[in-house]
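*Asks:* Got a structure for you, questions after.
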């Protein structure tokens, strides 16, 4: 593997559309380079007002990033300020990661609840 390959940061989302729970995430797969910014989107199940974001690094369990309820942040995991999120009036949510690092390569999961 050449050193140029180590500069890529791979971000993946679960599924290729609606997942079994009815949550929709986009984009489904994303490749960025270090230093770039990424925005991940989540549409919750209809009627759900709470959205939570998780990061799952290969070989590890999911780690909590954020929870929003009715557009207010209700919880934040131990992640740097490069990670931010927000929730919109329709209860959809965005997760933003700035200045990507190789360690940000992971599966990013969104869950919704009442």
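Positions of Cβ are set from backbone N, Cα and C atoms, glycine also.
Feature annotation from Swiss-Prot assigns signal peptide to 1-21; the stated evidence is sequence analysis. If you look up Swiss-Prot, you'll see 22-114 marked as domain 'Ig-like', on the strength of sequence analysis. As annotated by Swiss-Prot, disulfide bond applies to 42-110, with the evidence given as sequence analysis. For 90, the entry in Swiss-Prot reads N-linked glycosylation site.
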*Asks:* Hey, what's the Cβ neighbour count for residue 110 (disulfide bond) at 10 Å?
*Replies:* 27
*Asks:* Could you state the whole-number distance in Å separating the C-alpha atoms of residue 42 (disulfide bond) and the residue listed as 'N-linked glycosylation site'?
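*Replies:* Their Cα atoms are separated by 11 Å.
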*Asks:* Give the distance between the Cα atoms of residue 110 (disulfide bond) and residue 90 (N-linked glycosylation site), rounded to the nearest whole Å.
*Replies:* 16
*Asks:* If you average pLDDT over the domain 'Ig-like' (22-114), what do you get?
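*Replies:* Overall, the domain 'Ig-like' (22-114) comes to a mean pLDDT of 97.
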*Asks:* How do the residues of the domain 'Ig-like' (22-114) split into helix, strand and coil according to DSSP?
*Replies:* 3 helix, 51 strand, 39 coil
*Asks:* Which one of the recorded positions (42, 90) has its C-beta surrounded by the most other C-beta atoms within 10 angstroms?
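*Replies:* It comes out as 42.
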